[in-house]
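This report refers to the structure that appears directly beneath it.
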Amino acid sequence: MGYLRSSFIFSLLAFVTYTYAATIEVRNNCPYTVWAASTPIGGGRRLNKGQTWVINAPRGTKMARIWGRTGCNFNAAGRGSCQTGDCGGVLQCTGWGKPPNTLAEYALDQFSNLDFWDISLVDGFNIPMTFAPTKPSAGKCHAIHCTANINGECPRALKVPGGCNNPCTTFGGQQYCCTQGPCGPTELSKFFKKRCPDAYSYPQDDPTSTFTCPSGSTNYRVVFCPNGVADPNFPLEMPASTDEVAK
């Protein structure tokens, strides 16, 4: 019986080890509530100031993104809307958010047994963010940041309530969206790159914006407002929510 029990426990541990490639901790340091979103796993969670949400991401997860929604109101059924980052009017996101939203993107256990991850401003900016491995290592396995006052300094043509749109969202087309082949930076994308050099500023900004860590031995942390305050022009208190589901 002892052998069978030990074998069962070993098998269970092996299954857990195989299933989850990384734990991702999402923390809200903003002085207002953020409704975190995560797809294709996780869904969504209300995070008051100082709260944390832990996501267990399976091996092989790809095209994954985490973002913060602001100015949300949800009812007890998890339906409502957000000023930025809304994902179809639901608390539990199954699709991507509506720009603008600062994105933490990742793909786990890809070729060469590496995790690939980045901060992207291709969908614009709404909340300052840090994305970091919990145990940094050599090469491109280190913390990355986008904490500039982008909302306050946003060009007038890109400014929207609660955030700053990427020019691809605002104007579309090959020049800004790289829809028909290679394209380079523009004066508007350089606005983002100058302030957040770690982050994607346009769709083909790969060389300076993609980071890697060893897969299976690295966990991650996403922090909204790592410095505690978003920027002087962003409201310190967002509208109260009736959402009681995910407190």
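Every residue, even glycine, has its Cβ placed from backbone N, Cα and C.
What Swiss-Prot annotates here:
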DISULFID  Cys30-Cys225  disulfide bond
DISULFID  Cys72-Cys82  disulfide bond
DISULFID  Cys87-Cys93  disulfide bond
DISULFID  Cys141-Cys213  disulfide bond
DISULFID  Cys146-Cys196  disulfide bond
DISULFID  Cys154-Cys164  disulfide bond
DISULFID  Cys168-Cys177  disulfide bond
DISULFID  Cys178-Cys183  disulfide bond
SIGNAL    1-21  signal peptide
Rounded distance in angstrom between the Cα atoms of Cys168 (disulfide bond) and Cys146 (disulfide bond): 19
Least Cβ-crowded entry, counting other Cβ within 10 Å, from the disulfide-bonded residues listed as Cys168, Cys183, Cys213: Cys183
Cα separation, Cys164 (disulfide bond) to Cys141 (disulfide bond) (Å, whole number): 28
DSSP-derived structure type at Cys164 (disulfide bond), helix or strand or else coil: strand
Proximal residue to Cys177 (disulfide bond) among disulfide-bonded residues Cys82, Cys154, Cys164, Cys183, Cys196 (C-alpha distance): Cys183
Candidate with sparsest Cβ neighbourhood (10 Å radius) among Cys82, Cys141, Cys164, the listed disulfide-bonded residues: Cys141
Cys82 (disulfide bond) versus Cys196 (disulfide bond) - Cα distance in angstrom: 25
Residues that sit under 8 angstroms from Cys146 (disulfide bond) by C-beta distance, when 6+ apart in the chain: Thr102, Ile119, Leu121, Phe125, Pro128, Met129, Thr130, Arg195, Cys196, Asp198, Ala199
Least buried by Cβ count (within 10 Å) of the disulfide-bonded residues Cys154, Cys225: Cys154
